[in-house]
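Taking it in order: structure first as structure tokens, then the write-up.
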Amino acid sequence: MARPNATEPHTPPVYLGASLTPGSQTPVDSTPASSASTYDTRAPPSQAAGLEDADPVKDAESSSAAPALGRSGTRLSFKPDTKERAADVKDELMRRQRSRRGDAAVAATATPGRLERVGSTASQCNRCASPNYPASALSLTQTRSQDPSAIYIDWPPNDPENPFNWPKGQRWLLAMTCFFFTTCTAFNATGYPIAAPAVVEALDTTTTLYLLGNTLHLIAVAVTPMILAPASEVYGRRPIFLVATFLFTVLFIPQALAPNIAAILISRWFQGMAGSVGNSMAAGLASDLFVAKDRGFVMSLYAVCVFLAQGASPALTTITLAHHSWRVAFWWYGAVALLGFACMVLFMKETRGPVLLSRRARRLTKETGKLHRCRADDERLSVAIMIRISLVRPFQYLLLEPTVLSFSLWIGFLWGLIFISLEAVPIVFAEYGWDATEQSLVLLTLTLGGALGYGFNFHQERLYARQTKKYGGKPPPEARLYYACAGAVVVPVGLFIFAWTGQPSVHPAAPIVGLTIFATALFPIYLAVFSYLGDVYERYASSALAAQSFLRNVLGGCFPLFSASMYRQLTPRIASTVLGALAVALGIVPFILFRYGDRIRQHSKAAMALQREEREAIEFFEKEEARLRAKEERRLRRERAQRQRDQEGVIGEEKVVEEEGEHEDEREEMEEARDDADRTEDDEKAAAAEGKDDEDLELGRTRSKPSQLGRRMSSCDCAGGMPSVSIS
């Protein structure tokens, strides 16, 4: 704790949960609760600006420490590059604009020097919060709600209940528990088509009708996260995970006992709805537990699990069918899913920060008898509004944003090729006289390619780190596309090798090498889609990612319906050549974005809104920094004058200095009030000129209805806020 300045009285520590009334300098409730941590409003000089210990701000999924605006008696230190910290103050801009109109939080006066937090609050969104922001970065706010006497709480520094501060081993255990469930869902998606011949014969149906079960499954995987995302906002991750894994496991029973194809199709649809949770919430859980600099490694390992399951499932399913009936294969799937459900029950705990903070507020209310709340409680939209946004906004992005549309078509086509390979490989290698087991082993190239691609991804991360250093912490999104451009060239090469060498006159190792090259090149492309769209659309990244996930899963489910007949009618050579040619045509997407990405974003409504916010944030921070420096200089001048006059024996100098400081503070407040009025007038003029924004896009405009402004931040599209990213 910093030593109080000689010229001002010592300020006692403020306990977590203390709320201040406007114009007051004493907490309404200064009694420490038994379960609440405490912190002091005075920060050490090394943490005065709250920047030196901050995590890098990045994303579709970034975690930032909030810089404090300083106070009297605290030494200031600022980094020279203000652009690097621009994202940290975007949310503060919107909060201040709402505050000026009387629609949201009203800053409280905590000490003689104003204490406010610039940036996102941990209670708003885990992606926007920093796990280790200094005490001086916290703000005490009183939010206008139904009960103005409510005590508002936030995470104090290094709180052990904050998911970011949990032990590393515990966080990785939670992540791997989620990843195992995702592996189960991916295993089921690629293993299901392998059982087609046995099921078709046993149930007297057609191959197309049986494969329709996988189409329904993947469409459910694509659509359901848009509905379940608001549920995780309100109820948290753990209840959704438990219900989903239970239903996913139980629904194997009607498939294993199915008397007809209708039972399989119906159960596959509902199983896809349950299994979508393992895919969509993985990115959100990673945002809950890991800071931005560690999240890339976590998600790349997650992608490896998906590729591992997609390659291993066909081989294991074929081996099972060679010795048992198709019903045993479904029982075996159910046993693996049951293991995943057991892991969820034993190891999974709630990870969503705002939900945990809301529970703490309710616990404190029960223990103390005084109402405690967190900002997330007031800012959360209704479930109906969140579902409507989740369902409408991704399709708007898919149709109106050229970046989202082009990337979605590209990755959707490449993802569909994985499911086409499940039909093409048996046809091609049957010409070599291989049996079903030997043919299925070829699909292990997907697993091998994923592992090789994971290794190449380390170099992509180094290239991105180099660009990060070059651009002062905020490189252009195109820095994510180096290996995506390389993959766009290599993918057609692998397809052409598979097409032109997959014949009995050529050694079977040649087409196997072609498939391995294809899978290796697909891995960095797959990761680049998520990271690039996340960097471009930032807080709206979940909508962009949900759009590409929808199209990707739909194409992955539809391609197998015609792939077998295409390979038989066109011959494997021609069919694979056509697919390679389409890969060449769509492979131009990353090169166009790499060269003209900035120009394309200038015509993007969502991207331009983010750029405007960043410019406003930079201007705001520069003005605030200049104001604080001037205030600090005045304080130092007063201290020097006081010391000089004390040495000269001047009596009553403290009173003179105090009156002088009060007059200067009054002048500062008047100047700030005029500046606020000018900014408000400029905002209203800009609003009238630009017209009414699209309400469903919610692009951070400050002209929303007053009933929604106070809770606007709950629609933040964080990887964790709206977990609608589907992997398999």
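Cβ atoms here come from the backbone N, Cα and C positions, even for glycine.
TrEMBL annotations: computationally assigned, not manually curated.
Just so it is clear, the model here is predicted, and its values are computed rather than measured.
What TrEMBL records for this protein:
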| type | residues | note |
| --- | --- | --- |
| COMPBIAS | 21-40 | compositional bias 'Polar residues' |
| COMPBIAS | 78-103 | compositional bias 'Basic and acidic residues' |
| COMPBIAS | 634-655 | compositional bias 'Basic and acidic residues' |
| COMPBIAS | 656-684 | compositional bias 'Acidic residues' |
| DOMAIN | 174-598 | domain 'Major facilitator superfamily (MFS) profile' |
| REGION | 1-123 | region 'Disordered' |
| REGION | 634-728 | region 'Disordered' |
| TRANSMEM | 172-195 | transmembrane segment |
| TRANSMEM | 207-228 | transmembrane segment |
| TRANSMEM | 240-266 | transmembrane segment |
| TRANSMEM | 272-292 | transmembrane segment |
| TRANSMEM | 299-323 | transmembrane segment |
| TRANSMEM | 329-348 | transmembrane segment |
| TRANSMEM | 397-420 | transmembrane segment |
| TRANSMEM | 440-459 | transmembrane segment |
| TRANSMEM | 480-500 | transmembrane segment |
| TRANSMEM | 512-533 | transmembrane segment |
| TRANSMEM | 574-594 | transmembrane segment |
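Highlighted: of the candidate stretches 299-323, 329-348, 397-420, 512-533, 299-323 has the greatest count of Cβ pairs under 8 Å to the transmembrane segment (272-292).
Using the rule of three or more Cβ pairs under 8 Å, pairs at least 6 apart in sequence, the transmembrane segment (172-195) is not in contact with the transmembrane segment (480-500). Looking at the domain 'Major facilitator superfamily (MFS) profile' (174-598) alone, the prediction's average pLDDT is 88. Sequence-distant contacts of the transmembrane segment (397-420) (same chain, at least 6 residues past either end, Cβ-Cβ under 8 Å): 190, 193, 214, 310, 446, 491, 495, 518, 522, 525-526, 529, 532-533, 536-537, 540, 543-544, 547-548, 550-560, 563, 579, 582-583, 586-587, 589-590, 592-593, 597, 600-601, 603-607. Across 329-348, 440-459, 480-500, 574-594, stretch 480-500 shows the highest tally of CB pairs under 8 A with the transmembrane segment (512-533). When the stretches 207-228, 299-323, 440-459, 480-500 are ranked by Cβ pairs under 8 Å to the transmembrane segment (574-594), first place goes to 480-500. Long-range contacts of the transmembrane segment (240-266) within its own chain (CB-CB distance under 8 A, at least 6 residues past either end) are made by residues 178, 181, 184-185, 199, 203, 205, 209-210, 212-213, 216, 228, 231-232, 273-278, 281, 327, 330-331, 333-334, 337-338, 340-341, 344-345, 348. With pairs at least 6 apart in sequence, the transmembrane segment (480-500) and the transmembrane segment (299-323) have fewer than 3 Cβ pairs within the 8 Å limit; the two do not touch.
Sequence-distant neighbours of the transmembrane segment (329-348) (same chain, 6+ residues past either end, Cβ-Cβ under 8 Å): 173-174, 177-178, 180-181, 184, 187-188, 191, 195, 237-238, 241-242, 245-246, 248-249, 252-253, 255-256, 317, 320-321.
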